[in-house]
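Peer 1: The compositional bias 'Basic and acidic residues' annotation in TrEMBL covers 412-422. The domain 'Response regulatory' feature in TrEMBL is assigned to 4-125. Marked as 4-aspartylphosphate by TrEMBL: Asp56. What TrEMBL records for 401-435 is region 'Disordered'.
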Amino acid sequence: MATKVLLVTASHEVRDHLGHVLSESDGFELAAAVPDSPGVMTALDRHPDVGLIVIDEAADDGRGHALTRTVGMAVPLIGIVMVVEAHNAAEMSTAMASAMDVGARSVIARTAGLEEVLTRFEAVAAWSAVAQAAVSAERSGGRSGRIVAVAGAKGGVGTSVLALLLARAGRTGNTTLVDLDVGAGDLTAYSGVRTRRSVVDLAGVEGEITGRMLRETTYEVPGGIRLLPAPADGERGEEVTAAAVRSILSGLRFESDLAVLDVGTHLDEARATALEFADRVLLVSTPDLPSLRSARRAIAQWERLAIRQSTSVELVLNRRTSKDEITPQLAERIVERPVAFTVPDGGATFAAAVNTATLLESPTPVHKAVAEVGAAAVREEAAAAPSDTQDGPTEVEALVAASSRRPGRRDRKAEERAEKAGKKGKGLPAGRSGAREAGQATVELPVFISIALLTILLCVQGIGWASGLLTARAAAQEGARTVGIVGYHDTEDDAERIAEVERRVRDDVRDHLPDAMRDTVRDSDILISSDEVSVRVVVRTVLPGVDLSASSTAPVYSER
């Protein structure tokens, strides 16, 4: 991954020179260029992953050394390289000493070449990476908490509820649930707690967020997790900036074993930062086409804005029933991302738990499904997905079927038949969904085979036509060469000579045709004039009912 560079200079020459040098390198990328000190911290906020800062000693009206000292104190773990005016070794040594006095790690001359610039940059970038890793390891004692972000494809797909249940299912030690849907988040209502403080109270904290600050702004909720709620007044969500989110996430990594973020549906700078720095991102959708299309657009937007690569986003299908027309396999094809797990529809029991704020206390099929397969999505030791070779339907599939139909006499009889079949032999398909999917595969397979065969036939036919065209061109050129040598229409009344020339040209043309084509070319297929010779050949076809021919014309050049 390329190291991002922040350039501070007011000189167009320096900017153009270093920009050209960095464009030639695969290891470095120019993130931003600012002319003076006010833009430095702003650029660092916009590009928090900057790994190297290059400061011109003439920047900020000649106060480049003072600027270097200020920046070095603000971000001591980012290496600084100064651009100096030096023409010999003595001047370079003096400039190096002055630069190191103010906190720079190295210097380069204004006219330094590609190799020298990259060598200095690589050394400073390596120091910066080692320093940051050492400080991070010392701070966290060799460990760090895991952060999982849960986003919604669109409103109403159950993002907040799923985030709450995932935090409950994946709790290990100290688990924190953060409501970053700062405009419309309502995890407090789902949890059944009253709050006075929110994530906004941490947004105004300058410097590092400590464990004490997190304990004072979070609330214990049933299930052994702590909740950092969204503000009660949605307009206050604007106070939560990207820098504040970075600081909160940094504190959560140190203070919590697991942090689950509910980032909602809408995208702003703060939630983009959360998506970027999360260890894992789950995108929640329901098994319907509008929701899946929204999920696909969201993933594409994140990738366009360099927030999150599409390959690091996983899909979660919520509220699935056995009657859904869209299967998980079809959802994967629509969104072009794998389905991490599915959650069944909770029905009336689950709706009652939501309405009475007892979601963390009332067990439902949804709780069981999330506990079995969803917990692996938030734990660091992510469990492997259930094997496709296991006998019978999975427990989650059984929950989906059970939650989407009303038990009755027919169901009891079906269960009895299934139990008897299970005793006789395992591995038999259960439920109608498997039969529908098998039927769909049976219908689609012949279509795919037919399309593949037709494509192959068209390719073969195209190759045959191209071969015929090349053969006709070679024969026409040979006939034109014969006309150019023996002459044609030298005298308008010399009919015998014209006939002799035409006979000779046709013989030469046929001599240059393959045996398979020679008999199919009639005299009318060979057109001869004093200016050009045209040859038409019949091409063999592999498609029934199709007649193909290839024609080529060659100009005549007199060689007499």
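Cβ from N, Cα, C; glycine included.
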Peer 1: Taking the Cβ of Asp56 (4-aspartylphosphate) as the centre, count every other Cβ atom within 10 Å, in any protein chain shown.
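Peer 2: Total other Cβ atoms inside 10 Å, all chains included: 24.
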Peer 1: Where DSSP helix means H, G or I and strand means E or B, what are the helix, strand and coil counts for the domain 'Response regulatory' (4-125)?
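Peer 2: Split by secondary structure, the domain 'Response regulatory' (4-125) comes out as 61 helix, 29 strand, 32 coil.
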Peer 1: Restricting to the domain 'Response regulatory' (4-125), what is the model's mean pLDDT?
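Peer 2: A mean pLDDT of 87 is what the model gives the domain 'Response regulatory' (4-125).
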